[in-house]
Structures are given as C-alpha cells and as structure tokens.
Amino acid sequence: MATELRRKLVIVGDGACGKTCLLIVFSKGTFPEVYVPTVFENYVADVEVDGRHVELALWDTAGQEDYDRLRPLSYPDSHVILICFAVDSPDSLDNVQEKWISEVLHFCSSLPILLVACKADLRNDPKIIEELSKTNQHPVTTEEGQAVAQKIGAYKYLECSAKTNEGVREVFESATRAAMLKHKPKVKPSSGTKKKKRCILL
C-alpha cells in the first residue's frame, strides 16, 4: 500500500470573511450558524486527488490585527496557502493586496497561493447590494477577484459558498494538487541585475 501523503494548508484573510466556515463545512460537513472569532484552530481532512490519498492538515488563523504577531507561528512547514476574502466585503479584497499577500510572501515566498472568494451566495443578495450601495460599493465580481489573483501571482482563483456548499470541495482539491507540486523559491530579479545561473556538473 502506498505511503499516505501529508500536506499542510494555512488559510488567511480578514476577520469574518468566511475562513472558519469554509474549513468546518469541508472537514465536518456542517455549517456553523454562530460566528465565533478564531484564535487558532486545526482540522484534519482526508482528500483523494488523482487517485492519491492525502491527509490534509488545515490550519485556521485569526484575521484580526490583534493576532498579527501570533499568526506567523502557523506558517512553518506549510505546503499551500489560501488567501480568502468575502464577496460581500470589497474591503476584504483590497486587504488581499494591502496586507495579506505581503505577509504570505514574507513568510512563505516559495509556496503556491490560492485566492478564494467566500460567501459567493451573497453576490446577488438584495440586502447586501443595498447596504454596499450606501457607500458606493458593490459585491465583488468574479472579474474583480480574477484580476487581483493575477496581480498577486496566485496559482488559482476559486469561488465558493460554505453555506450552500457550492465550490467547497473544488477549493480543497485544487489546494491539495498545488500542495503536491515541487516548489521552487520565487526570486524576483532586481532591475539592472542579471539572474545568476546555477552550474550543473554531470
């Protein structure tokens, strides 16, 4: 029997953007109706992709600023990062670029990143649309999410709704596939300098 693969996934994003609900629906199959801010939680889920069985450790994190110094403890030995935002919160997508991508690249520069839109079921919710219109905002569109994913160099962009379970499995199957890739550190060559080539002796 093939050795079971183990991979570690860390999920980050603004507080209340839907990270914990996404993990609970995937790992336990139930949607938590009461919001309890996360401090630090771990879940384990078995995922089968492309005929391979993977034990996926899911590390939930707190998005609130109070935990900015604690959160980096989650990153070591990770294989893939999910950066989440909420479709009903354009500000949470702004923070992907303003805060989350720089933090993730600082601690996990060589890992694949998936950008995940949570609460996709609220995109056409009349109450949400009305509420956001008061501040000249609108629910995040798929195109806006894809544009940010491209800008931050995400491995993939996905949308899901933990409440309806739509797209949830796809998020973690894609993340597991990404976690199984062989990663090379992303090196940004500074302007005016040439990349150093490594010599291989045969």
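Keep in mind that glycine also has a Cβ here, set from the backbone N, Cα and C atoms.
Here Swiss-Prot flags 13-20, 60-64, 118-121 as GTP binding site, drawing on similarity to another entry. A coil conformation is recorded for A16 (GTP binding site) in the three-state DSSP classification, outside any helix or strand.
The S-geranylgeranyl cysteine annotation in Swiss-Prot covers C199.
Summarising the annotation, Swiss-Prot assigns cysteine methyl ester to C199 and lists similarity to another entry as the type of evidence.
Under the heading motif 'Effector region', Swiss-Prot lists 35-43.
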Out of A16, A120, which has the highest number of nearby Cβ atoms, where nearby means within 10 Å of its Cβ, if these are the binding-site residues?
A120
Using a 10 Å cut-off on Cβ-Cβ distances across all protein chains shown, tell me which of the binding-site residues (G13, Q64) has the largest neighbour count.
G13
Counting every protein chain present, what is the number of Cβ atoms, excluding its own, within 10 Å of the Cβ of K19 (GTP binding site)?
28
Under DSSP, is A120 (GTP binding site) helix, strand or coil?
helix
